[in-house]
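For THR18, ALA19, ASN20, ALA164, GLY165, THR166, GLU212, ARG213, ILE214, LYS215, the entry in TrEMBL reads ATP binding site.
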Amino acid sequence: MVSFSSWMRPELAIDFGTANLRVIRRDAGVVFDEPSLCCFTDLATAPRLVAAGAAAQPMVDRTPRKLAVRRPLRRGVLQDIHTATELLRYAVPKALGRKPWRRARTLIGVPADATQAERRALLTAAADAGLSAAELVPEPLAAALGAGVRLEEPRGAIIVECGAGTTEVAVLSLGGICITRSLRAGGAALDQAIADHLHFRHKILIGRQSAERIKKDYVGEHRDLRGSDGVIEVKGRSLISMAPHSLHISFFAELDRVVEKHATSIIRVIRDVLNETPPELSHDLHLNGIILTGGGAVTPRLREMIERDTRLPVIVADDPALCVAQGLHRMLKG
């Protein structure tokens, strides 16, 4: 596990997710949590930042031609260094206020299987934003710490970090990662699967934000079924008339199948990791079970499908979406 002497202990950490950017301070915890979005103008010459974070959220799929909303990460890894730099330049001063932050020692979460090129790109974006003293931390390690796993012990633990852009499965022991596999698909892929289902089944076109809202409503319906008929109104554009159109769909008759297909791909990765796990660690995993972290951990039926397939107990961590941020905060505090 990452450890530091008191004189060189980082004071700042960044959970740079596909969906959200979180900035964590050693003395205050999470102080910034906004969407990983930037809106630019003057695209043909020198792109200029118009809005970022929460201010850019309402602009998604609504911008005129002279504006563009961009996401710095795709499938969990950095794809646009310029957008990442601008988002960090917006987020860090906002999180820290007047406190000096340039050259602050910083921890940044990164997928465990990120390539060297992907790691260099993230460090370059951080340096361009003024965070030159940055160190990368594998996200499964941070997620495990945030979920309360005692990593220093000689016991195996398996974490499934269900992020928006990627799903990582890792077996951990003695403060390190023993085995890791990832699926470059997460909650955003489920959003797209919902949109595709409506496209092909009902001939209605919806945007990314509408698909995400449907997913969140679907999660809510599964959490509280009292007095609910499980029906939601979907608004979009008809692919037949090309005019605005709305319809009602049943969560449980239709979306359960979409989620099952999404969960099956995650289970396949979990099974691959379990098949590679040494016998002694496998024994620990049967005792301790699988821990789900990340925003996608609350996806309905995911937990029960993993339990049924692996025959291992599955636990959803408290505040799963914040596990990486909370783990980074624990590292900052030492």
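Glycine too: its Cβ is placed from the backbone N, Cα and C atoms.
In the shown protein chains, 22 other C-beta atoms lie within 10 A of the C-beta of GLY165 (ATP binding site). The number of other Cβ atoms within 10 Å of the Cβ belonging to ASN20 (ATP binding site), over all protein chains shown, comes to 21. DSSP classifies ILE214 (ATP binding site) as helix under the three-state reduction. Look at THR18 (ATP binding site): DSSP puts it in coil. Within the set of binding-site residues (THR18, GLU212, ILE214), the lowest number of other Cβ atoms found within 10 Å of a Cβ is recorded at GLU212.
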